[in-house]
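Novice: In case it helps, TrEMBL gives these features for our protein:
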- A:5-183: domain 'Guanylate kinase-like' (DOMAIN)
- A:Gly12, A:Pro13, A:Ser14, A:Gly15, A:Thr16, A:Gly17, A:Lys18, A:Gly19: ATP binding site (BINDING)
Protein chains: 2
Amino acid sequence: MFTKGNLIILSGPSGTGKGTVCKKLLINNKNVFYSISATTRLPRPGERNGREYWFLSKKDFEKMIKGNKLLEWAKVYDNYYGTPLDKVNELREQGRDVLLEIDTQGALSVMKKAADGVFIFLLPPSLRELEKRIRGRGTETQEIIRKRLDAAVGEISLGTKYHYLVVNKNVTEAVNQISAIITAEHCRTDRNLGIIDKVKNEEI
Amino acid sequence: MFTKGNLIILSGPSGTGKGTVCKKLLINNKNVFYSISATTRLPRPGERNGREYWFLSKKDFEKMIKGNKLLEWAKVYDNYYGTPLDKVNELREQGRDVLLEIDTQGALSVMKKAADGVFIFLLPPSLRELEKRIRGRGTETQEIIRKRLDAAVGEISLGTKYHYLVVNKNVTEAVNQISAIITAEHCRTDRNLGIIDKVKNEEI
């Protein structure tokens, strides 16, 4: 029986490894599609419309904001970034799961607009480990590291608003857990009421 | 971090293949333990106390009923059958998942007593297929087959009360879906609030 695809939101503080987990998840789950963001920033050399981003004019983006056609959006410096609702729905109607990898602020917006979304919060195994990962990038000053860790502590409290918590101690294990969540969510009764009617009303 | 084991209830109309699915599930999931029922019927040759059943006297069983020490129980002809709560809790406290394979009547009782249980309803792919399976046993008259199918239709409506619906079209696929549900349930936020506090309150 045909069932609509699910919207899967993967979020968590920066430094927990969302990007790495997402990439592996997409390789392992051929029915999961990555949601491509829209932006008003100019394409960089080699970037293609509809692959890295949907590149929009400022005017078009603001029209989408006014028309409530974005699942979430943010303005970073002078540019807009956001998730076009139509593109997500199109894939879901085709039975495909759509994966959204966003920061905790964006996830809060999506919670208000997509009540049937599957919200997964990716946690670092410990703050000490998170500190190591941020430090490992080698680009941050002591002050910025401290600031980002404080921000992470605040964001971790938001984890209670999500359906699932996954600890990213080991990428393979985290990906397996998220894959299991994706499979399990397809079996949830509220997403499958049609099956009961179908079997029950069969003529024999 | 230590988390308590989950109680997994697998139910569905008779003939859907609960037994076969359970056996394979236990082979694939070493952390899942089968809940052994208590009964007042006498052990048959080769049966051992604590393996096939917990064999109890009628007096002891009735004491457990009065003491509210059974997750569910039923009287079949002259004998009692039921699930001892203590044995289930003991395993769960050790971090083990406990699998209960019971009929839909028993599952309704468990729903009232174990609010944190994971309730999975196993559906036949179709009534026609269920009829074939019941007929395949070769022991039933036409009248009994009709009666059992009518009962199944009534029971299938109860599926809406469960958390998950799994269609047993293919045993391997059904077992994989239930295994995914078991993994996913361990990631549910309400079962893991301790992790958030632990990471958040870490001194660094």
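Residue numbering: from 1, along the chain as shown.
Note: Cβ is positioned from N, Cα and C throughout, glycine not excepted.
Remember, TrEMBL labels are computer predictions, not curated facts.
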Novice: Show which residues of the chain containing A:Gly15 (ATP binding site), separated from it by at least 6 in sequence, have their CB under 8 Å from its CB.
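Specialist: For A:Gly15 (ATP binding site), the qualifying residues are A:Pro124, A:Leu130, A:Arg133, A:Ile134, A:Arg148, A:Ala152.
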Novice: Tell me which residues of the chain lie with their Cβ under 8 angstroms from that of A:Thr16 (ATP binding site), as long as they are six or more apart in sequence?
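Specialist: Once residues fewer than 6 apart are set aside, A:Thr16 (ATP binding site) is near A:Leu122, A:Leu123, A:Pro124, A:Leu130, A:Arg133, A:Asn168.
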Novice: Fewest neighbouring Cβ atoms within 10 Å: which of the binding-site residues A:Gly12, A:Pro13, A:Gly17?
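Specialist: Candidates: the binding-site residues A:Gly12, A:Pro13, A:Gly17. Fewest Cβ atoms within 10 Å: A:Gly17.
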Novice: Counting only residues 6+ away in sequence within the same chain, which have a CB under 8 Å from the CB of A:Ser14 (ATP binding site)?
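Specialist: A:Ser14 (ATP binding site) has long-range Cβ partners A:Asp103, A:Arg148, A:Ala152.
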Novice: Counting across all protein chains shown, how many other Cβ atoms sit within 10 Å of the Cβ of A:Gly19 (ATP binding site)?
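Specialist: 11, counting other Cβ atoms within 10 Å of A:Gly19 (ATP binding site).
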Novice: Taking DSSP as the reference, which of helix, strand or coil describes A:Gly17 (ATP binding site)?
Specialist: coil
Novice: Using the recorded ATP site (A:Gly12, A:Pro13, A:Ser14, A:Gly15, A:Thr16, A:Gly17, A:Lys18, A:Gly19) as reference, state which further residues of the same chain have their Cβ within 8 Å of the centre of those residues' Cβ atoms, listed in sequence order.
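Specialist: Other same-chain residues near the ATP site: A:Leu122, A:Pro124, A:Asn168.
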Novice: For A:Lys18 (ATP binding site), which residues of its chain lie six or more apart in sequence with Cβ-Cβ distance below 8 Å?
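Specialist: When sequence neighbours closer than 6 are ignored, A:Lys18 (ATP binding site) has A:Leu10, A:Ser11, A:Gly12, A:Glu101, A:Leu122 within Cβ distance under 8 Å.
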Novice: Hey, does DSSP put A:Gly12 (ATP binding site) in a helix, a strand, or just coil?
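Specialist: Note: A:Gly12 (ATP binding site) is coil by DSSP, not helix or strand.
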